[in-house]
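What follows is a single structure, written as structure tokens, with notes after it.
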Amino acid sequence: MIKISNLEKIYRTEDVETVALNKLSFEVKDGEFVAVMGPSGCGKSTLLNILGLLDDPDSGSFLFNGIEVAGFNERKRADLRKRNIGFVFQSFNLIDELTVFENVELPLIYTGVKAAERKKIVEDVLDKMVIMHRRNHYPQQLSGGQQQRVAVARAVVNNPKLILADEPTGNLDSSNGNEVMQLLTDLNEQGTTIVMVTHSEHDARYSHRIIRMLDGQTVMQDLMV
Amino acid sequence: MLFNNLKIAWRTLVKNKFFSVLNILGLAIGMACFLLIALYVTDELSYDRFHKKADRIYRINSDILFGGNSMSLAVTSDMMGSTIKKDYPEVEEFTRVYNSNGSRLVKKGNDFLQELGVAYADSTFFDIFSYEPVAGDLHTALNEPNTVVISESAAMKYFSSLDVVGKNLETDDNNGTIYKVTAVIRDMPKRSHFRFDFIFSMDNLNYGFGDFLSHNFATFLLLKPGSSAASLEKKFPEYVNRYIFPMLQQTMQVKTIADLEKSGSKLEYSLMPLTDIHLHSARVAELGINSDIRYVYIFLAVAVFILLIACINFMNLSTARSANRAREVGIRKVLGTTYHTLIRQFLTESTLISFLSLLIAIVIAALVLPLFNDIAGKEISLANFFQPLFLVSMLALPFVIGLLAGTYPAFFLSSFKPITVLKGKLSGGAKKSNLRSTLVVLQFSMAIILIVGTIVVYRQLAYIQQKKLGFSKEQVMVINNTQVMGDGTRAFKNELLRLPGVKAVSSGGYLPVAGSSRNDNTFSKEAVMDMKNGFNMQVWGVDENYIPLLGMEIKQGRNFSKEFVSDSMAIIINETTADMLGYDDPVGKKIYKSQSNSQAEMLAYTIIGVVKNFHFESLKQKIGPLCMRLRNADWSIAVKMDATNVQNLVKQVEQKYAAHAAGFPFGYSFLDASFNNMYKAESKAGKLAFSFAVLAILIACLGLFGLAAYMAEQRNKEIGVRKVLGASVNQIMVLLSMDFLKLVAISACLAFPLSWIVMNKWLEDFAFRINIGWWVFLVAGLLAALIALVTVGFQALKAALNNPVKSIRTE
Ligand SMILES: Nc1ncnc2c1ncn2[C@@H]1O[C@H](COP(=O)(O)OP(=O)(O)OP(=O)(O)O)[C@@H](O)[C@H]1O
Ligand SMILES: [Mg+2]
């Protein structure tokens, strides 16, 4: 599904040049659940943004489903992204002005699904995430765990092949965190590929494989059993 | 404390440069408009107030309804003033002013110069009105015949000296009259409804005095202190009964006043306070061109509109920004600052902003003052800013605006609860606010009303321009003062005809533009006049070239002709008259007019033709009855040109004129220019409405621009999330713009009916007017939407193009 080689990303500000990704290479197969770990500032989020087609690498190759996407323009990336990739963030990133239902509905609107069909899909997903009873609430009215469940629902509503999660449990207590990890595991078992950034060894254990990074490079990859 | 507040306020200003600049600029433009309009309005309201007895001076107005024609006059008979004074003790003094259509020739050296500011007045003129004497005794100046009081300017013009009491001036009246200058006054103030440079003794006026029925004199009464104009006015019917009705009984076959009123005729006199004349009087035979109180109201409304729009900007931007300042408020409160202290802090800030705005506003107002004067037709000087009263009000302005614009934001910001704010949770109020939306709606409603107003005024003016007038005003030159040629006019006309570029020449004494001579008279359909068949009608003297020269159309019958000797008693009527007479074929029928002296003997005129109706007054008036007679009206001569080099032609005409009227001033005008002059007030209003509409929109846009910037900033993260989820740039733009467009749509719904009502009211003034089509509203609405879109769109695009990675960074 994903094959990156010699990926480089350098942030240039007026006086400093930060090498966020330094000739990074690895592969993620279809159906895999990969955890990315490493100290703060080692480039995990940068990597995830590039994998999520939100950002462009400075050099290197990025094959997505066998297609070279490094160098795609914004429009092409957006198109590929909205059909194939779902995101889960540490800070949920729900839109405060929209209800639970409307938040989850958004990706479907942007892929042009008809209203009647949207309603069915969204209700299905909310059911699955056990958040249906809160469908008309606003994000501020939910607990952190509930908010993250909504965020996961929104990430999967389009049936993406790949879910990218950046510290999805970072803002949650352990029981809420476990609930979200369980959701991700379930999705993975249904065939969705997942790449998750985490600081928690506990969460990493839900994955098949851990990629450990240091200063923009992979230092090791341990297989989980 | 105050200093500390100011210091913090200043820092806040500097820290938020973008918003500060928007705020100050918007307020400054708003205040500049306000200042200019305030100057305009104070100027308009101050007319004639310089007279020391202004509050006791009244002018007699006459309202006459006769034979279906109504006339509102600013003049009355030569007898009324003295009669009223004699009969009613509350009248202390009266004076009459006769202004022979403004023009007199006065001799300087060997040449005559045309003077426009001339009048004849009773010797009491200077006892009633207060003018500053430079030389001579005003109290006695006009006591004798052949005396004149002149202005400083006139003295300098004719004698190059102010010490001219006792010197002589020769004028053209009665073929040359010598007047002795008995006093010199300072030029009459500009804020006066009449302004004269020459005031001649009434004794020299060549007039059939003693006539209660002819209304030709502006008559002013000075009431005794404490007496009431209203109660004096109530006694005027008594005067009509006693002096006028007996005369009517003779001429018209009426027995009682009731008969007269039953037949629909009326003669009514009323008193108008001197200080009301400039803004409230638009009668026939005014002594000068008056203004209109409605324009004062309109401009006041506009000034308040614009100031409100600017204040709303301030409120909107401040409350919108409150999200950013919430933390500051929270921390201050935690540290023990009280609610009141905070409010004072915020009010200091808004007052500081309005004060800075005022400074800029004064500069702007000073810079555009000449332009404003030009458009508004005023001569307001910078010095007017510094009249004590104006200065005080001007300095009060920032405090008023500071309070007006600052109070709501101050309370809004000060009421944040520190705990919620510091936790980072903000009530929705800071982000979305119904009040803010309401205010934007208000702004745009006002802007749309101004746009509609501008379009309607311009459309009406354009309509006037292209309206079929029934005559052609193009390429017609009018030469004035040709009466001085005496019999030479005939030769002069022939010479003009021979000039290349001249197509036709005719007498031009009566022309279909305001300001030209008028002459109305009473006619009757039958040989014996009674109340029913009598009617008033314009009688114009023309020659046989007049109708073709002006491109008028003969509908029935024929034009005058030299070949018919009988044409001396022939008459051509307009369609209105034909309709009034009601004959199937009026040609050949007779109408009658009493001879000036004996009403027994009636003159019979034969109708030889009907001329298609043409507009001979402003389009504000209906086309009244009019007839033409073959008579010499050669004090002006009309020339139809077909010239490419008009200047050259004018020069040639001037040479011919000089040959026949040596020493007399050559004066000419073009008919189309005189025509446009009739709509000066409207075109002035149009230009002002346009300028203020543009400014109102500009200010509203400044606010919208800031608001959009702020909203985009607030929704930065949301936009990022939406983009991550696949929203395109277009979708984001629509999302951000829609909110504002909705507001514009609501504004339109409010503004349309309102502007429809207001503009129809304005149009009612015109007998001939456009319909406000639906498209006017469509255009105004679209224009407002477009402007809002462009303003918001820039910010929306900026936000939409942002890289989402930046806005959703979790750190
Ligand atoms: N927009 C940017 N401009 C400049 N430097 C950046 C930018 N974004 C990230 N960096 C730098 O690139 C490096 C990698 O950042 P990144 O956010 O990928 O780290 P991370 O591994 O996700 O850290 P954390 O665990 O704290 O989230 C850091 O040194 C960071 O300071
Ligand atoms: Mg990170």
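Residue 1 is the first one shown; counting continues down the chain.
Glycine is no exception: its Cβ is also placed from the backbone N, Cα and C atoms.
As recorded in TrEMBL, the features of this protein are as follows:
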- B:20-236: domain 'MacB-like periplasmic core' (DOMAIN)
- B:21-41: transmembrane segment (TRANSMEM)
- B:295-317: transmembrane segment (TRANSMEM)
- B:301-416: domain 'ABC3 transporter permease C-terminal' (DOMAIN)
- B:352-372: transmembrane segment (TRANSMEM)
- B:392-416: transmembrane segment (TRANSMEM)
- B:437-458: transmembrane segment (TRANSMEM)
- B:469-614: domain 'MacB-like periplasmic core' (DOMAIN)
- B:688-711: transmembrane segment (TRANSMEM)
- B:691-800: domain 'ABC3 transporter permease C-terminal' (DOMAIN)
- B:732-754: transmembrane segment (TRANSMEM)
- B:774-797: transmembrane segment (TRANSMEM)
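In the predicted structure, the domain 'ABC3 transporter permease C-terminal' (B:691-800) carries a mean pLDDT of 87. In this chain, the transmembrane segment (B:392-416) lies in contact with the transmembrane segment (B:295-317); the count of Cβ pairs under 8 Å, excluding pairs fewer than 6 apart in sequence, is at least 3.
A Cβ distance under 8 Å defines the sequence-distant neighbours of the transmembrane segment (B:392-416), meaning residues of its chain 6+ beyond its ends; these are 27, 31, 34-35, 38, 307, 310-312, 314-315, 318-319, 322, 325-326, 329-330, 333, 339, 342-343, 346-347, 349-355, 357-358, 362, 385, 429, 435. When Cβ-Cβ distances below 8 Å are used as the criterion, the transmembrane segment (B:688-711) is approached by residues 18-19, 22-23, 25-26, 29-30, 33, 299, 302, 305-306, 309-310, 312-313, 316-317, 320-321, 375-376, 436, 440, 443-444, 446-447, 450-451, 453-454, 457-458, 736, 739-740, 784, 787-788, 791-792, 794-796 of the same chain, each at least six residues removed from its ends. Using a Cβ-Cβ cut-off under 8 Å and counting only residues 6 or more beyond its ends in the same chain, the transmembrane segment (B:437-458) has close neighbours at 302, 305, 308-309, 312-313, 315-316, 682, 685-686, 689-690, 692-693, 696-697, 700, 703-704, 707, 740, 743-744, 746-748, 750-752, 754-756, 758-759, 762-763, 770, 772, 776-777, 779-781, 783-784, 788.
The list of residues near the transmembrane segment (B:774-797) in space but at least 6 beyond its ends in sequence, with Cβ under 8 angstroms from a Cβ of it, reads 444, 447-448, 451-452, 455-456, 459, 697, 701, 704-705, 708-709, 711-712, 729, 732-733, 736-737, 740-741, 743-745, 747-748, 751-752, 755-756. Mapped onto DSSP helix, strand and coil, the domain 'ABC3 transporter permease C-terminal' (B:301-416) counts 104 helix, 0 strand, 12 coil.
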